Amino acid sequence: MEKLTILLLVAALLMSTQGLIQSGGENRPKEKIKFLSKRKTVAESWWEGECLGWSNYCTSHSICCSGECILSYCDIW
């Protein structure tokens, strides 16, 4: 019974290391986290003046924090 337990543990260890190797190792999740952390929230963009808040005059959707420029004014979310 003890040998069977050890055998199962070794098999589980081998399967988990194989899964790490096939998925690109430990670097891939770190890259995703780094990519996602570069994005700013809407509040941060507004606070730093990178986009316009609700009810401001606008000429295109991209300059509004909400992404909606309706009748020349930024729309609320």
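Cβ coordinates are placed from backbone N, Cα and C, and glycine is handled just like the others.
The disulfide bond annotation in Swiss-Prot covers Cys51-Cys65, Cys58-Cys69, Cys64-Cys74. Sequence annotations record features per position, and here Swiss-Prot assigns signal peptide to 1-19 based on sequence analysis.
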Same-chain residues near the signal peptide (1-19), Cβ under 8 Å, at least 6 residues beyond its ends: none
Alpha-carbon distance [Cys65 (disulfide bond); Cys74 (disulfide bond)] in Å: 8
List of residues, in chain order, with Cβ under 8 A from that of Cys58 (disulfide bond) and at least 6 apart: Leu52, Cys64, Cys69, Ser72, Tyr73, Cys74
Conformational class of Cys69 (disulfide bond) under the three-state DSSP mapping: strand
Count of other CB atoms lying within 10 Å of the CB belonging to Cys51 (disulfide bond): 20
